[in-house]
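Worksheet: one structure, shown below.
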Amino acid sequence: MLELRRNSSPSSAHPSPQTNCQNSQRGDGLHHHHHEAASGSTCCGGMTVFTGANAAKSSNEPAGSASPTVWRKTSHPPLHFNNNETRNRNLQMQLKNRGTKDDWGASLRYDIEEPTSSGLLELLPDVPIVRKLSRPLVKMDDQDDACSVASNESDRTVLSPLVPMSIFDQFLCLTNNLSALISCIIAEAKKNTEAEDYAVFLHDEDNKQMVLFNNETMLMTGKKFDMGYGIVGKVASTMRTMNIRDVSRCPFFNEEIDEQFSIKARNLIAFPLIDSSCSLIGVIVLYNKENGFSRHDEKYIKRFSYFVANSIAHAILAKQIEEVRTRIHMVEEFKIQGEDAVIEEVDIMRLVNDPLRDWRYFSQNFADFSFPPRSVGENHFHRASMMFFEDLGFSMLYKLNKRKLSYLVLRVSAGYRPVPYHNWSHAFAVTHFCWLTLRTDAIRRALSDMERLSLLIACLCHDIDHRGTTNSFQMQSLQKTPLSVLYSTEGSVLERHHFAQTIKLLQQEECSILENLPAADFRTIVNTIREVILATDISAHLRKQERIKTMISEGYNPMSFDHRYLLMCLVMTASDLSDQAKNFHNAKRIAENIYLEFFAQGDLELQLGVKPLEMMDRTNAYVPTVQIDFLFKIGVPVFQLLASVVPEGRTTSEAIDANHLCWVALDEEVRNNPSATNTLEYLRDENLERRIYDRVRKQDPRAAEIASKRFEPVYANGSVPQTQDILDHRFDGYDKKYQIGCSGGQNQSNGKQQQIRSLQKIRSKTSEDDALLKPMDNGGSVAASSTRRGSRTPRRLWRRARQLISSMSSSCASCSPLPSRRQVSEDSESC
């Protein structure tokens, strides 16, 4: 029999095992201890514990003997409790169940001091977190150092569970990577405690749950457990360490958690992670030590957990800061590129007051599919973009506000970044080709006006805010760019960003050119813009290529929504690749810009430790081979399909075939001279270009003629405007407001303007009557002035004309003035 005696009261009744189990499940005041000391009578806080008759024999046996009849005297360390009755009851239950089926050996370590901020500051050096820690060890009390794990006093070894400060240094260096930090923590804990497995849980304070970490990937699995669920929940809710010798007998043990790691637990120790602010960070569970976890392990974990908790807290804080930065970057990505750029009022009014122009104003060949639009100069891009909407009739049909359209064009041009290829000049070239296609009879019959308007707007904005990188670069996990975070789940990262920028522009009050449309039509146009901008992704085109071929072979059906969608995607892709369907000189210069952009991305990837593709590596890329392969697989089939649908665009198919032959000839010229291809300078060699034409001419004279066709002056991606002879310019009656004016308009120099005025004065002297009817004011015309004032002829002109007619006298009847209506009526009345 086990006898328990108090100093001033008789022995109390022993609680039943059922009561023990209930108290354990409630967790209110259950304080077990498995630490064993040497035999002898010991006073424990006012209570003396005696053993049975066999106590003397069992003094040298290990603690936790399975025999229920063998007991020994047990000495417990002083407990920090004010309620002695609760402590005595818990000790009774522990001793009563020793060696029975309810003996699961749990130790809720209440004898470990409360983790307070002052205590943690004593343990951690008072230095900034970024400063190197120099203190080699953490001091411990002598009472804690003298810790025994053996019951035999002669075999006892004094251990010092000291934690080197270098471990904390190592943890702090990994606070920028939570997964690597936890991996290092677990490795250190397993090495010092000889545990076989582990589990890590982090505290979700918002949802009051514990989130499970994955052992292999060291990432959050998403599996969550409520506070109080299982041993982990018990440790988290009480913030106490639990050392369990036999988990099969523990009422809190739950196999569901261990099944996540395929662990067959025998014993474990679970300890909370509490930071310097006494906040719960998480729980770490170590499994399956050979002889169970000892008191020495608990002392080590007590000190070790302080370092772990603060390191993980700093890592979580760093992760939260990084998430905030990512959100800020996302907001910046949603901002319109060039939004901070100031659009001058004078620039807006220049476009608003600019008269309607015919396409011949820019060049006689401006409406030719083979004409390189960049040759008109960047100072004409805005004016030509306005002309596209006017020429197709969209301004009148949809009542587009000219000021808002002007602001939209200026804002779109500011939204393109100064990258080598995907810049504002590329957008203008794509829009020019789309305009040529939309004004053909085939497309007018095949697509509706709203679809054509959507295509024109989409071409103008299709690469806005392009970064000069590819989709694959944006989606690389090493980069973690904000664009990939926003759009990686849907694919076509850059194209979706371009569409988002376009919609933000159209929703601005200053750019809302579609404000007069009904809501249904506006949604239709927006959806069409989205689909065709996404179609500029080459991978998306390759997925639709077979469907387009089937549509052409079966015959285009304008009533089919799918056929109209495929046709718009084809027009958009052809417009995006239209630079390769011009003359070879233009194609070469554009290819140089493309590879400058590719090489810049390749250099960036090398800096990030990523091996770039061969065509993006400036040391290994061979441009002719890449271009030949691209034209053969993508470029030539696209324009062959377009020529099948749009007969007026057959010249584009012939041009890209001729350019393909020229690239083959260029490959033959430079292949034997590797040193010449180290840079892109050979793409500008005029002598090499002439030799290429000679090679192609021997093979196909027609292809050589098409490839060598030049429109002078040609400035690919240049800013020099086209300088045509102003006086010899003809509009053939299309530009009604500028028939008499000059082709240069406001962009002509003052010398040219004076030359025009002097010529007009000379002409006015030869015919005074014509001069009166066609007065020139500042290079303008009477038609322009009459349009500004109204459709009526100014009274001063009629007055001057009457004076001239009345003063005229001639003997020739044919030259005499005709009688007025009043004179005719008076003569008839007199008769």
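Count begins at 1; order follows the chain as displayed.
Glycine residues also receive a Cβ, built from the backbone N, Cα and C atoms like all the rest.
When Swiss-Prot records HIS426, HIS462, ASP463 as binding divalent metal cation 1, the matching candidate from ASP347, ASP537, ASP562, ASP576 it lists for that site is ASP576.
Within the listed segments 55-84, 715-744, Swiss-Prot records region 'Disordered' for the stretch 55-84. The DSSP breakdown of the domain 'GAF' (177-312), given as helix, strand and coil counts, is 51 helix, 38 strand, 47 coil.
Same-chain residues with CB within 8 A of the center of the HIS426, HIS462, ASP463, ASP576 CB atoms, the divalent metal cation 1 site residues themselves not counted, are HIS422, ALA427, VAL430, CYS459, HIS466, THR536, SER575. Nearest neighbour of HIS422 (active site, proton donor) by Cα distance, taken over the binding-site residues HIS462, ASP463, ASP576: ASP463. Per-residue confidence over the domain 'PDEase' (341-670) averages out at a pLDDT of 90.
Around the Cβ of ASP576 (divalent metal cation 1 binding site), a 10 Å sphere holds 22 further Cβ atoms from the protein chains shown. In this view, HIS426 (divalent metal cation 1 binding site) is surrounded by 24 other Cβ atoms within 10 Å of its Cβ, with every protein chain counted. Neighbour density at the Cβ, taken as the number of other Cβ atoms within 10 Å, is lowest among the recorded positions HIS422, HIS462 for HIS422. Long-range Cβ neighbours of ASP463 (divalent metal cation 1 binding site) (same chain, at least 6 residues apart, Cβ-Cβ under 8 Å): TYR416, HIS422, HIS426, ALA427, VAL430, HIS498, THR536.
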